[in-house]
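**Student:** I grabbed these lines from TrEMBL:
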type: TRANSMEM; residues: 68-92; note: transmembrane segment
type: TRANSMEM; residues: 153-175; note: transmembrane segment
type: TRANSMEM; residues: 195-215; note: transmembrane segment
type: TRANSMEM; residues: 227-243; note: transmembrane segment
type: TRANSMEM; residues: 255-279; note: transmembrane segment
type: TRANSMEM; residues: 332-356; note: transmembrane segment
type: TRANSMEM; residues: 368-385; note: transmembrane segment
type: TRANSMEM; residues: 441-461; note: transmembrane segment
type: TRANSMEM; residues: 468-487; note: transmembrane segment
type: TRANSMEM; residues: 515-540; note: transmembrane segment
type: DOMAIN; residues: 600-664; note: domain 'CBS'
type: DOMAIN; residues: 697-755; note: domain 'CBS'
Amino acid sequence: MVNAGDMNGSGNLMDFLDEPFPDVGTYEDFHTIDWLREKSRDTDRHRKITSKSKESIWEFIKSLLDAWSGWVVMLLIGLLAGTLAGVIDLAVDWMTDLKEGVCLSAFWYSHEQCCWTSNETTFDDRDKCPQWQKWSELLVSQSEGASAYILNYFLYIMWALCFAFLAVSLVRVFAPYACGSGIPEIKTILSGFIIRGYLGKWTLLIKTVTLVLVVSSGLSLGKEGPLVHVACCCGNFFSSLFSKYSKNEGKRREVLSAAAAAGVSVAFGAPIGGVLFSLEEVSYYFPLKTLWRSFFAALVAAFTLRSINPFGNSRLVLFYVEYHTPWYMAELFPFILLGVFGGLWGTLFIRCNIAWCRRRKTTRLGKYPVLEVIVITAITAIIAYPNPYTRRSTSELISELFNDCGALESSQLCDYINDPNMTQPVDDIPDRPAGPGVYTAMWQLALALVFKIVITIFTFGMKIPSGLFIPSMAVGAMAGRMVGIGVEQLAYHHHDWIIFRNWCRPGADCVTPGLYAMVGAAACLGGVTRMTVSLVVIMFELTGGLEYIVPLMAAAVTSKWVADAFGKEGIYEAHIHLNGYPFLDVKDEFTHRTLATDVMRPRRGEAPLSVLTQDSMTVEDVETLIKETDYNGFPVVVSKDSERLIGFAQRRELILAIKNARQRQDGVVSNSIVYFTEDPPELPPNSPHPLKLRRILNLSPFTVTDHTPMETVVDIFRKLGLRQCLVTRSGRLLGIITKKDVLRHMAQMANQDPESIMFN
């Protein structure tokens, strides 16, 4: 039995029960949680533990374990997320190289690892060693010539198709939720929506395996977004081991927010950026306690990944760089231009990708996901192989584009004409005229840029794990590197121009093309996702240089302004709306002058509101009402004549309470009176035993008057995370507004289709 103070709907369900029965407080699939109710239940649980801790040493130890369970969960999430990220990185490295050749000394070695172990590798030919053989060398003993090229080309395509087919088949058969980026769904789940199985163990396993396959296949996608989904699956798994989180959906979402931070931490090697990403981009409810725990989870995850050292460079990411040349004020103009390009690319990508995904959902194309993946993979592999910048993995491409050209670089992008009398230190090579390799690289990069822009539109959203961070960064990095080389050559050949005269003397190292690539990558990623603060922090954690924060900030803000001029939605919000999820975005503004009475149901001409009375309905009446409607809950009134509001009863809890009462309480039959008052109603003699359901009644449902502005109602739904709100006038019930009604009204006011909001 619970005391009278627990009558707010968070205590036991029925007076005759000593303990709550199974499934109490749980929600049905594709429904929204009640944040206020979850908060109330957690407060009651905490109060109970605190009062019990004074009774005995054992209870005190239990209270300490409860307090520390949050930190234990964060530790476990960080360890597992970091380990999985390291395994994924190592596997991708090996399988990407497997498309081109194999290591004879140990087939599980990647190209780089194979040549590390060789004693016959020279510095000049560090990519060539007898232990590593291309498929043409292994099969037909030829490394050069048309036949060798065609055989390598054919096997490259076959391996890509094999990886992609295996990935899409695994997703389709074992875990349909493992497809896509996962971030739109994570945002929706963190806002309070239930998608059962989305963060399950099968999803975790299949997403981890298929992520390796799709990235290795060479498709234009990344692993960074899906790593957030993987980390949240880890968070969901560990939170289910502790009743504090498994029995409270609100507390579980605090864990998932921290897990998202750990995911970005291992994806980019940016623990602080991960915390800010979770705060800025994915989390809906982010108390200060969650900030600390997110920081701890991100720290543990980054430390675990650093211990595994998947890239062999003691860094957390493949494209870590350090620049030695400062930037100059005159360079802000090209940086801002890159920001404009990033904003335009973001707008183009979102519109084209959403149009293609809508076509996939509404036409027969969506019925053939395996065929679509195979066709896109084949097109990608056929076009990508001839161009060295699209053949390699996108992470390696970004790494090369970010790199500063030192004296030891052998890349085509560093094929400058050297001054034979140059005696400068290695880190301060002066600007030089571009050689033939640079000009070749420029047109190859231009072709690669066009290809990446087009193919990414069709790739993102297929039924395979697909991240968008890396392809977006690659587009920006290619554009930025080309702009950087252009500015560098302009400064070299025209150093007497007024814009170069003050800071770029002959023989000086003025312009760093790699920095332009980095700024371009930030601009394009910002244009697509509309991130700002977290994006800049992630980028400077990647490069290790605080000196370049201003160029990154300028590009990120410009790209957001330009993209916002064409539409406020980022790619994740656009996919949330496309799927019809009930996500009430904090960033959306509601400026229309409508009232609660315009939105509430029932409308004029509709059937009256379905309600329960406090003491005049039978069990059969309640069961009939539940059977004939599909509402999530029912207002309880004094009588159908007065319609004075008493409280609100959830549908699921009514069903469970009646079912349990029939099983466990004698005398409850179909014509038993159901009452929600403290004392039973006066009944004629020989009447069946009445059923008291006051414990499941929420006596303080949130109410507004019919003349409350919708601007205020929308704000209440956002900030309190309500499922529904009752509309009254002078205490008399008039109607109800659900989250779905609010979203549909907002869509209608924005001239969008209100029927696109499909879930409650």
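Heads up, the Cβ atoms here are built off N, Cα and C, so glycines get one too.
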**Student:** Apart from its near flanks, which chain residues at least 6 from the ends of the transmembrane segment (68-92) lie with a Cβ under 8 angstroms of it?
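**Tutor:** For the transmembrane segment (68-92), the nonlocal Cβ contacts are 208, 211-212, 215-216, 223, 227, 230-231, 234-235, 238-239, 241-242, 244-245, 255, 258-259, 262-263, 265-267, 289, 293, 296-305, 307-311, 318, 393.
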**Student:** Does the chain bring the transmembrane segment (368-385) near the transmembrane segment (468-487), so that three or more CB pairs sit under 8 Å (pairs 6 or more apart in sequence)?
**Tutor:** no
**Student:** Against which stretches of its own chain does the transmembrane segment (195-215) lie, if we need a Cβ under 8 Å and a gap of at least six residues from its ends?
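**Tutor:** Same-chain contacts beyond the flanks: 29-30, 84, 87-88, 91-92, 95-96, 163-164, 166-168, 170-171, 174-175, 177-178, 182, 185, 188-189, 221-223, 226-227, 229-230, 232-237, 256, 393, 464-466.
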**Student:** Using DSSP, what's the helix, strand and coil tally for the domain 'CBS' (600-664)?
**Tutor:** 24 helix, 17 strand, 24 coil
**Student:** So what's the average pLDDT for the domain 'CBS' (600-664)?
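**Tutor:** Across the domain 'CBS' (600-664), the average pLDDT comes out at 89.
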**Student:** Name the range, of those listed as 153-175, 255-279, 441-461, that has the largest tally of Cβ pairs under 8 Å with the transmembrane segment (332-356).
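**Tutor:** Answer, by Cβ pair count: 441-461.
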**Student:** For the domain 'CBS' (697-755), what does DSSP give as the number of helix, strand and coil residues?
**Tutor:** 24 helix, 19 strand, 16 coil
**Student:** Using a Cβ-Cβ cut-off of under 8 Å, list the residues of the same chain that are 6+ residues beyond the ends of the transmembrane segment (515-540) and lie near it.
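**Tutor:** Contacts with the transmembrane segment (515-540): 264, 268, 270, 272-274, 276-277, 279-281, 321, 323, 325, 327, 334-335, 338-339, 341-347, 349-350, 398, 401-402, 468-469, 472-481, 483-484, 487, 546, 548-549, 551-553, 555-560, 562-564, 568-572.
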**Student:** Looking only at residues six or more beyond either end of the transmembrane segment (255-279), which have a C-beta under 8 A from one in the stretch?
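**Tutor:** For the transmembrane segment (255-279), the sequence-distant neighbours (Cβ-Cβ under 8 Å, at least 6 residues beyond its ends) are 70, 73-74, 77-78, 81-82, 85-86, 186, 189-190, 199, 223-225, 227-232, 234-236, 238-239, 245, 285-286, 290-291, 293-302, 304-305, 315-317, 320, 469, 531, 533-535, 537-538, 541-542.
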**Student:** Using Cβ atoms and a strict cutoff of less than 8 Å, what residues sit near the transmembrane segment (441-461) while being 6 or more residues removed from its termini?
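**Tutor:** 180-181, 219-221, 345, 348-349, 352-353, 356-357, 360, 376, 379-380, 383-384, 387-390, 397, 411-413, 415, 468, 471-472, 474-475, 478-479, 481-482, 485, 571, 575.
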